[in-house]
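The structure under discussion appears below in the form of structure tokens.
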Amino acid sequence: MPSPVDAPILTADAMRAAEAACAASGTSLATLMERAGAAVADFAWRMAAGNPVLVLCGPGNNGGDGYVAARWLARRGVHVRVAALAEPASELARAARRAWGGPVEVLGDDLAPAPLVIDALFGVGLSRPLRKDLAARLRGLAKRRVLAVDVPSGVEADGVQPWAPALSADVTVALGALKPAHVLLPAAATCGKVVLAPIGIEAQSSLRTLPRYECDSPGAAAHKFSRGMALVRAGPMRGAAGLAASAVLRAGAGYAILSGASGAPLSAIIAEDGDHFAERLADERLGAVVIGPGYPASDALDRDVAAALKSGRALVLDAAAIVSALPRLGGAPAILTPHAGEFARAFPGLEGSKIDRARAAASKSGAVVIYKGADTIVAAPDGRIAAAWPGCPWLATAGTGDVLAGACAAMLARGDEAFDAAVAAVSWHISRARAIGPGLVADDLVRA
Ligand SMILES: NC(=O)C1=CN([C@@H]2O[C@H](COP(=O)(O)OP(=O)(O)OC[C@H]3O[C@@H](n4cnc5c(N)ncnc54)[C@H](O)[C@@H]3O)[C@@H](O)[C@H]2O)[C@H](O)CC1
Ligand SMILES: [K+]
């Protein structure tokens, strides 16, 4: 289910800093908790649709949000029960529990469930995995609808640790801003639909969710070259390069050349065998070059990559071309499109979340990195990052990466700078895949 579009994502530390800034500018944490609990109650009220609700409260402020939500739900006439894991450990949570004023059950083995469970056990303060006995007890509630407060309890908010929650959520209400866990696997898959409750926090971040894909139509005076020209260099597997060249046209460039192939899947593509690559690279109208689709590591690949680098053109480097080009990139405008295996080969030894590693790879290489996967991350050397969860699972099929590389070249050739081009290409790719849906094969992405 789509996440909030072009929304800021804050790590736990950034969230605490934003909360502190909010408090310093006159909005107390108690006010933020009141807004958080009220927002949770509002979503829960709609999910419960008149049925009873059970709120599970932890010891920290996530639990505090739970007590506030319970009070708001009771005020709206919902039959609501509260069960606590432990006494509140923060002053804010203690105050929220006092204000709830109703009974508090013990979260034990004999806890009676309810049709809707609000998981307010742990949020961004989780510092270790859930205890096994608690996890087992929670799994007993798994058949109920679950609304998670901020993150499903057990998930580490920054997406560095792969800790699993015991209860996957149907809906997660992100408080103040999204967290990395909402967009990175494995946690993101346990969040269900993520909705954002802004609660008045000034959330600013260069790390954001993907913007919506907007297709600008060409200007009235457009011609094929003004819409952008891109060159795809074919290796031994011509089909992959053909998909990339097709994507150049479908994603909106005006002119596509497939170099090193005698035929192309679309008649509109200029396919040329023989040795015209250097000549094409010298064409002033050329906006972008793709190398890598269907082109395994070889001396020929190294030679072609060297020629492309020398031309000074904007490059899209995929698969083996990434490792081939890396030592020689030297700040050339480039988009790298590794999947997990290629990323590990190109950037060994990086640590942290997928976001941290993509950021480090972009900074190290000086190129824009599209770290592909079901939770694709786009990172620029200047620190801008876009997270593309949820993508479209139908994209998990051969050849879709070749199409993405071609789409990147189209956006570059159309005049976007590298990060904007990469973000637009990822967004185009996902929106196209969603429109096609079940049974998608890569060729469908480049059909009319
Ligand atoms: N974003 C906002 O502006 C607001 C967010 N709020 C909510 O506050 C939580 C974060 O609260 P915090 O008190 O920092 O942490 P937690 O409630 O997540 O948990 C801390 C609590 O739990 C103990 N603990 C940690 N890990 C474990 C574990 N594995 N097992 C047992 N106990 C554990 C720890 O020692 C603490 O006692 C945020 O997510 C929002 O939900 C506020 O409402 C203010 C506005
Ligand atoms: K939670």
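One-based numbering along the chain as shown.
From the backbone N, Cα and C atoms, a Cβ is placed for every residue, glycine too.
All annotation found in TrEMBL is predicted automatically rather than curated by experts.
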Co-listed K(+)-binding residue [TrEMBL; alongside Asp119, Ser153] among Asn61, Asn62: Asn62
Of Asp13, Asp150, Asp158, Asp170, which does TrEMBL put in the (6S)-NADPHX site with Asn61, Asn62, Gly63, Gly64, Asp65, Gly123, Val124, Gly125, Leu126, Ser127, Arg128, Pro129? Asp150
Distance filter, Cβ under 6 Å of ligand 2; input binding-site residues Asn62, Asp119, Val124, Leu126, Ser153; output Asn62, Asp119, Ser153
Indicate whether Leu126 ((6S)-NADPHX binding site) is helix, strand or coil by DSSP. coil
Given the K(+) site Asn62, Asp119, Ser153, its other Cβ neighbours within 8 Å of the Cβ centroid, in chain order, are Leu56, Gly58, Gly63, Gly66, Ala120, Leu121, Phe122, Gly123, Ala148, Val149, Asp150, Val151, Pro152, Gly154
Conformational class of Asp119 (K(+) binding site) under the three-state DSSP mapping: strand
Cα-Cα, whole number of Å: Ser153 (K(+) binding site) versus Leu126 ((6S)-NADPHX binding site)? 8
For Arg128 ((6S)-NADPHX binding site), the number of other Cβ atoms found within 10 Å of its own Cβ: 9
